[in-house]
Every structure is written in C-alpha cells, then in structure tokens.
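*Asks:* I have a structure here, written as structure tokens, and I will follow up with some questions on it.
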Amino acid sequence: MKGKFIVIEGIDGCGKTTQINELSKWLPKSGLIKKGSKLITTREPGGSLLGKKLRGLILDNNKTNKPSSLAELLLYSADRAEHISKIISPALNNNDWVISDRFSDSTLAYQGYGRKINLEIIKKVESIVCQGEYPDLTFFLEISPEESIMRRKNEIPDRIESEGIRFLEKVNEGFKLIAREKKWKVISASQNIKTISNQIKETLLNNFSNDK
C-alpha cells in the first residue's frame, strides 16, 4: 500500500509554509503514519536538487531574463517531472507521507488562468509529467489578493509575486474554480494559525484514520 500525498495550494501569502511546518510537528505523533514510515515535506518549484536550480531560473526577478509564458510552463513542468521521479514517487512507494507546498494545480492556476495559456495544453503536458501521481487530498488556503499583498508588503518579491493585483486576481479565481471542480478542502486563511491548523488536522483524521 502506498503512502499518502497531501498538497496545500493557494496564492502567495496564504500561509502554506506555516501550516506545513505545523503539520511536520503534529503528523508523526498523530498515529496516522504507519510504523516504519516517515513524513517528507517538500515544495514546488525546488523540491529536488535540479528543481532548486530551476527555481532560481523561474523566479529570477531580472527583467532581462523573463521567460515567455510557454517557456515558463515548461520550466515548471521540468521541475515537477524531476520532483515526482526523485522525491514524491519513491517516498510514496516506500509507504511514506508526502506534503507538498504546491503541485500541478498551481500550474493550472498561474499559467492557465493567470497567463491565459490554453488549459487543455497544460492538462496534456501535466498528464505526461505526472504519470498518474496525484494528491490523495488537497487543501486550498483561501485569502483575497488584497490580503496577500498586504501580508507580503515587507518582503522582497520574486518575479511571480511582482506581477501585481490583476494577475493575482485571475490566479485566485482560477484556484477557486479548480477547488470546486476537484472538491478540495477549502479553508479560510484569514483565520488565526491555530484555527487553520486544527481544521487541517481534523480533515486528515477524518479522511485517513481508517487507513492506519
């Protein structure tokens, strides 16, 4: 039996990293992970060694290095292919749990709804890249674009974060559509950290307690 693959999605500033850190402390003691298995936390882009190099290319804020929308899509896809091959699939086949900060639906939201690349093209690329490796459960931490920008006002933005509120609005609407279509667990990220964390934990217990 394979391990579990959990993904946390949302626009920048929604608290994905914070919640993954909370889960990394709770899950090993929760009783959900089988004895002998472990928890692996990862992210996209940059979850593998090659991915870290690709992340630098993708998020470089130097305007002279800005890739075309199609090149950007393929860079993310290359990162994901390596991520699945080197990190995600080996862990799941070892009965480990994997929690990822973003996965393939971020590409649909950002490159599809944000960049307006044809969604069917993205889905075809992703079907080749993912090779049937999809999350068992996805959480969508939902905040408004305005709150996202406010939370990040003291940070140095990367290239994607520098796109502005109109781009972020399109991405956020994309996430909402995907969340409804795929029946994600949607959680308001405007709540305090503990409340969000408790809702995530409760959902995991409800979904996977019988798999222990």
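Any Cβ shown, glycine's included, is placed from N, Cα and C.
Pulled these features from Swiss-Prot for this protein:
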- G10, I11, D12, G13, C14, G15, K16, T17: ATP binding site (BINDING)
*Asks:* Show which residues of the chain containing C14 (ATP binding site), separated from it by at least 6 in sequence, have their CB under 8 Å from its CB.
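*Replies:* The answer is L141, E142, I143, S148, A189.
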*Asks:* So how many other Cβ atoms are close to I11 (ATP binding site), meaning within 10 Å of its Cβ?
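*Replies:* The answer is 27 other Cβ atoms.
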*Asks:* So among the binding-site residues G10, G13, G15, who's got the most Cβ atoms within 10 Å?
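*Replies:* Highest number of other Cβ atoms within 10 Å: G10.
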*Asks:* To test your reading of the ATP site: which residues beyond G10, I11, D12, G13, C14, G15, K16, T17, same chain only, put their Cβ within 8 Å of the Cβ centroid of those residues?
*Replies:* L141, I143, S148, A189
*Asks:* By the count of other Cβ atoms within 10 Å, pick out the sparsest of the binding-site residues D12, K16, T17.
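*Replies:* Least crowded of the binding-site residues D12, K16, T17, by Cβ count within 10 Å, is T17.
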